[in-house]
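Straight from TrEMBL, the features:
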- 1-24: signal peptide (SIGNAL)
- D95, D371, H375, D412, H413, H491: Zn(2+) binding site (BINDING)
- D95, H202, S204, E366: Mg(2+) binding site (BINDING)
- S139: active site, phosphoserine intermediate (ACT_SITE)
Amino acid sequence: MQKTFVPLTLGSLALVVALVSSSAIPPKVRAGLSEEQENDQHPRLLPSRDFVALDEELETRFWHDKAQTILADKLATHEKLNENRAKNVIMFLGDGMSVHTVAATRAFLGDSNKQVYFEKFPYLGLSKTYAVDERTPDSATTATAYLSGVKANYGTIGVNAQVERADCVRGADASTHTQSIGQWAQEAGKWAGLVTTARVTHASPAGVYAHTAERNWEHDGQITDYGCSTEVNTDIARQLVEWNVGRDLRVIMGGGRAYFRDQLMHDEEGNWGLRNDGRDLIKDWQEDKANRGAKGNYVWSLKGLKETDLNQTDYLLGLFDASHLPYHGDRQRSHLEYAEPSLSEMTESAIKLLSRNDQGYFLFVESGRIDMAHHATLAHKALEDTAEFAAAVKLARDLTNEDDTLIVVTSDHSHTMSINGYPSRRQNIFSLAPNQADDELPFTILSYANGPGSGANTYSADNGRLDLSHVDTTAADFRFQATVPLSSETHGAEDVGVFASGPFEHLFTGNYEQSSIPAMMAYAANMGPFSEDKLKE
């Protein structure tokens with residue numbers, strides 16, 4: 001007997017699933033969540049005695065007036081788009097500055113209704129940060145994307161995806177090397193520079209000038225540690241001093257003195273170098289500038305920077321620490337603000353020097369230690385550095401003109417920090433949530449999905465989750481709680497914000513590849529492969 005098969009359409013399949021599902025679920029649950037479940041999801045908390053509502057916020061008119069003001073500002077902005085050509089481009093990079101980090105910084109500044117300065121910029125977008133080979137990227141591959149316009153493999157800098165990480169041979173092949181917007185600026189007659197609170201050879205700033213298969217090859221000894229040849233591969237510090245883009249940078253400021261001097265040499269503060277080749281690259285940098293008939297100034301302290309006559313300086317190299325510069329809050333707590341410059345102070349000096357070029361400039365400014373604080377689950381320090389980062393952006397906007405200077409603020413990747421619980425609006429962001437967990441123990445408003453905070457601050461082998469009732473979670477060195485134990489908290493893979501102000505600021509709206517950012521900056525400045533003439537070819 002021949003069997004007849006009745007085709008199953010999407011509609012009939014949905015009906016079958018619905019009938020089966022409805023017969024298996026009790027009527028009370030089928031009608032929706034139980035009252036207990038509803039209460040768990042949206043708990044009714046006791047009013048906070050610390051919270052006092054602002055009188056104006058109680059009135060409907062206040063919110064309508066505020067919305068009207070915002071709407072008027074947006075309409076005015078859109079009446080005439082700023083399509084001037086950008087003489088100058090400044091890119092600010094908050095390393096690891098996730099959307100959650102920006103939101104938490106508002107609370108750190110005093111209230112959730114605050115705006116971190118760059119949130120006031122008229123245009124905002126989101127960029128996708130993935131690497132060619134990894135969903136969650138690092139600061140090396142992202143630097144290649146937002147500075148060269150090319151997505152590449154995790155751990156590589158300034159090379160395309162043909163180069164796998166730590167490939168001793170392929171990374172040295174010039175055909176794989178990408179060009180950065182710093183190079184485009186130099187070729188257009190503009191000056192270029194970089195400022196960072198990390199080492200100047202670290203992944204993000206290296207994206208301006210370096211080409212390497214391994215982000216860790218900051219000095220020659222690290223190349224040989226990987227079993228590779230220093231005759232085939234040039235370390236990042238040498239590239240900064242010897243290769244064309246790095247050699248022509250007018251401003252280089254950050255940390256990392258030890259990566260420029262041999263291990264038998266010590267720096268101005270007594271720290272020994274790390275190199276194995278017997279070289280003092282700082283001296284080589286100075287000699288190069290002298291041989292070119294240029295005035296090159298090397299400084300290693302805030303005092304030296306302040307004493308530098310920027311009107312008489314052609315090239316400025318400032319290396320203010322043996323490794324990374326300190327966290328911004330630690331500068332103040334340890335009174336290092338008198339010894340080492342802040343991000344704002346370095347940014348101001350860079351802009352003043354670069355502004356002397358009539359053809360304009362490109363400046364890359366990174367707050368590198370937001371990321372490092374997150375890796376250590378030191379949320380307090382991450383937000384302190386974010387606040388200083390915002391101050392540097394404001395200073396740059398105040399020193400420049402929106403008519404001819406494009407400022408783009410973004411991040412390379414996110415982190416796993418979240419804002420949770422049900423705190424009152426102006427409650428200290430570093431404190432405990434007002435509601436307790438199901439184990440009747442408190443938890444912090446800020447927490448991480450993973451990281452070192454999972455240890456002593458979260459769990460005890462004997463007692464389970466720790467009671468933080470008598471712990472000062474607002475202390476700068478408190479490691480915030482994490483779920484999964486890791487020696488270092490990981491990056492996150494979600495999109496990051498892009499904020500723009502100045503010529504062609506409107507290009508930066510929407511959701512796009514991170515590698516599109518330098519294309520839009522270059523188009524605004526009419527330089528490189530994305531200049532108007534090149535796009536018509």
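Every residue, even glycine, has its Cβ placed from backbone N, Cα and C.
Note that TrEMBL annotation is computational and uncurated.
Computed from a predicted structure; not experimentally measured.
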Spatially, which candidate from the recorded positions S139, H202, S204, E366 is nearest to H413 (Zn(2+) binding site), comparing Cα atoms?
S139
Where S204 (Mg(2+) binding site) and H491 (Zn(2+) binding site) are concerned, what is their Cα separation in Å, rounded?
15
Considering only the recorded positions S139, H202, E366, which residue has the minimal Cα-Cα separation from H375 (Zn(2+) binding site)?
S139
Here's one to test understanding: among the recorded positions S139, H202, E366, whose C-alpha is closest in space to the C-alpha of D412 (Zn(2+) binding site)?
S139
Within 10 Å of D95 (Zn(2+) binding site), Cα to Cα, which of the recorded positions S139, H202, E366 are there?
S139, E366
Which residues, same chain and not among D95, D371, H375, D412, H413, H491, have a CB within 8 angstroms of the centroid of the CB atoms at the recorded Zn(2+) site?
G96, D138, S139, I370, H374, S411, S414, H415
Of the recorded positions listed as S139, H202, E366, the one whose CA lies nearest the CA of H491 (Zn(2+) binding site):
S139
How many other Cβ atoms sit within 10 Å of the Cβ of D95 (Zn(2+) binding site)?
28
CB contacts for H491 (Zn(2+) binding site) [other CB atoms within 10 A, all chains]:
22
